[in-house]
Amino acid sequence: MAKILVLYYSMYGHIETMAHAVAEGAKKVDGAEVIIKRVPETMPPEIFAKAGGKTQNAPVATPQELADYDAIIFGTPTRFGNMPGQMRTFLDQTGGLWASGALYGKLGSVFSSTGTGGGQEQTITSTWTTLAHHGMVIVPIGYAAQELFDVSQVRGGTPYGATTIAGGDGSRQPSQEELSIARYQGEYVAGLAVKLNG
């Protein structure tokens, strides 16, 4: 049995929705145990509420537990072309795992969201830098998801990982195409994890 963690941060719910689609795809793979968790919110609750943050039910992960999984699929929104402070703070607490090599050889993949599309790929590839320092095997999705070839509508999705475009005011929710790409990413990573660890 390969253990897959879908680990995300989501303020307004876009990445949370994508995380559930990623997990749905991963659960299609026989021999994959899939768990969804989120990183802790660092914003004071009253500020989070004033900013329109969405309450989420996923349990909160600890950095130490990352070592328990064979593959980790990270979901992070984009803040100024990079991951937000909440995800950065969480990953900055993995120094002990780095020192012991606890994540070495584990699969790592990333999906993201942006307001208007700016920085979605950079957010994914800059997250890869942290995964590389841990010796994780980075898993992009390439162009195997056929939805990536559809240019008839505004949509997220890159060969690096699934993405969604939320719109400047956050009102646009992930489209069916974007969710399909996210499901593909989950299924693809889980399939590799089972082959390597199942």
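From the backbone N, Cα and C atoms, a Cβ is placed for every residue, glycine too.
Pulled from Swiss-Prot, these are the features on record:
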BINDING   10-15, 78-80, 113-118, HIS133  FMN binding site
BINDING   TYR12  NAD(+) binding site
BINDING   TRP98  substrate binding site
DOMAIN    4-189  domain 'Flavodoxin-like'
C-alpha spacing of the residue listed as 'substrate binding site' relative to THR78 (FMN binding site), in angstrom: 24
Cβ neighbour count within 10 Å of THR114 (FMN binding site): 22
Pairwise CA distance, SER10 (FMN binding site) versus TRP98 (substrate binding site), rounded so that it is a whole Å: 25
Distance [Cα-Cα, Å, rounded] between HIS14 (FMN binding site) and TRP98 (substrate binding site): 30
Residues near PHE80 (FMN binding site) in space but at least six apart in sequence (CB under 8 A): GLY119
Reduced DSSP assignment, HIS14 (FMN binding site): helix
Integer average pLDDT (0 to 100) for the domain 'Flavodoxin-like' (4-189): 96
Three-state secondary structure, which DSSP defines for TRP98 (substrate binding site): helix
Assigned element (helix, strand, coil) containing THR114 (FMN binding site), judged by DSSP: strand
HIS14 (FMN binding site) CB neighbourhood, other CB atoms within 10 A: 27
